[in-house]
Amino acid sequence: MSTISINHVGLLRNPLHGKSKRASINKSWSLCLPRSSSASRLVKPCRVSSKTDTKPAEMTRRSGNYEPSLWDFDFIQSLDNHHPHVKEKQLKREEELIVEVKMLLGTKIEAVKQLELIDDLKNLGLSYFFRDEIKMVLTSIYNNFFENKNNQVGDLYFTALGFRLLRQHGFNVSQEIFDCFKNEKGSDFDETLIGEDTKATLQLYEASFHLREGENTLELARQISTKYLQKKVDEGSINDENLSSWIRHSLDLPLHWRIQRLEARWFLDAYAAREDKNPLIFELTKLDFNIIQATQQEELKEVSRWWNNSRLAEKLPFVRDRVVECYFWAVGLFDGHDYGFQRKVNAAVNILITAIDDVYDVYGTLDELRLFTDVIRRWDTQSIDQLPYYMQLCYLTLYNYVSDLAYNILKDRGINTIPHLHQSWVNTVEAYLKEAEWYESGYAPSLEEYLSIASISIGVIPIVIPLEVSIPNSTFHRRSPFEYHRYDILHLSAMVLRLADDLGTAQYEVETGDVPKAVQCYIKDTNASEEEAREHVRFMIGEVWKELNTAMAESDDCPFTEQGAWAAVNIGRAAQFIYLEGDGHGRFQIHQHMENLFFHPCV
């Protein structure tokens, strides 16, 4: 008799101990239910009935032709970067360096130097150590230079850098601060100002991606700065190699669309190459990188043990085995030492989404998928006998995971989250089923119709909801689980993820058997060329980001906590980076980033 239960593995334990600065905001949650407790009788791990051991007759099935994981279970479990005496020594030195850097932030220096220091700390992933100090410095700079819409400084570099950092930290800075850099007619930026200072043009480019709906000045800034920077790169006229490298990096994706932690090694190496680097900050960056890497390895090992014990990769060989990739996404959503629980929850959800997506996209017949969807709607264990063996395994893994997670939240927060967790999966699999029906019938939807379903099937709802309800101060459980479509931040982050995914994976997925993606739908609607269609999808991503920026600036009505909202937005950021080089699960350069982040310490 086959048993699918994740209760044997304490996935949600927090491995961090020691100083309060590194203590989790959550209590130590474990997925392991005590067998003798009343809770274990209420939410029992489900087992596949013995009468289902006979597997169905063989039939022709599609195959995703997925390659095996680059990092198997044994490799992940062999990671050993967590020596207590070494960590104690590292933490002590880290605390000393933090004190010294705080003194740097408190030193009276030029405002532009203060901004550059803060920008370095953010890019190097250190700003969470200095939140109060950074807020104090930025408040002073805002009051002295940016509160008045009439820019009295006249320095494009300072204005653009300050504008970006202030908007990142929630200050209300008007786009009119850039009006003094426009031509006499005020219709565009003064090209003589833009062309003469490459560093200032780069800062204007980065600032322009914080534009909101209706901010035409920032739209102009984005257009003209992009044109000039691309021209400089094409001509090879940038003599500073470090600056040239940074510009190429930014033209691929601006800072506002990136997640620092996913590229921590790139930013560290870029800082190391600078002649003006601060040795204290450089040492702290390397030290913190190694401490975080040790924590990430422990979390990754826990997630890997849970996945291995589920045995889905063994029993369902058609599903992708992508533990490291799924954890990489989780690191993008929640950075910092306080959110290990959320990272592990998200990694497990990503793994389940990947497996269930393969059931719908690759292996299941349409009749089986309809049965599977109906069982998930019912959310019981009495209906599973009608499912084929492989679907029983998949369903019970999902059912047990959701039940265990809900139990732990109930135990810790005293709230029942099953209705929200369950409905998040119902929404997703119903969208999966609609796409399967389209594929089976050969139906080609319009772009609008496609996105109405594909923005749900991309899986943002079951990603964000468990993260949000696990946050201690969240009140989301008081809302109806049937209102997810009303939340702009969920919808917009899903659109960025879907469109970025389609740019990275569309051709491969259509070739292996899937519904037309955004690119193909636009071609069908407009008779555009493929390059024109891809350019339109890139334009759509930019427009969605305007709406996202607006929604985050007007977050008083947001149903999510600040942490939950940022996690939702970070889904889009992670997607744009991960799909920049390919499909996010395949052979592309993204794997090198994972290697550098998780397996290679800084020396």
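Backbone N, Cα and C atoms are what each Cβ position is placed from, and that goes for glycine too.
Feature list (source: Swiss-Prot):
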SITE      Asn350  site 'Confers reaction mechanism stereospecificity'
MOTIF     357-361  motif 'DDXXD motif'
BINDING   Asp357, Asp361  Mn(2+) 2 binding site
REGION    363-369  region 'Homodimerization'
REGION    435-472  region 'Homodimerization'
Query = So what's the average pLDDT for the region 'Homodimerization' (363-369)?
reply = 96
Inquiry  = Looking only at the region 'Homodimerization' (363-369), how are its residues distributed among DSSP helix, strand and coil?
reply    = 5 helix, 0 strand, 2 coil
Other parts of the chain folded back onto the motif 'DDXXD motif' (357-361), taken as Cβ under 8 Å at six or more residues beyond its ends = 64, 66, 316, 318-320, 369, 372, 390-391, 394, 429, 432-433, 435-436, 459, 509, 513-514
Which same-chain residues, if any, lie at least 6 apart from Asp357 (Mn(2+) 2 binding site) yet have Cβ under 8 Å of it = Tyr432, Gly459
Query = Could you tell me the C-alpha distance between Asn350 (site 'Confers reaction mechanism stereospecificity') and Asp361 (Mn(2+) 2 binding site) in angstrom, no decimals?
reply = 16
Message = Using DSSP and collapsing to three states, where does Asn350 (site 'Confers reaction mechanism stereospecificity') fall: helix, strand or coil?
response = helix
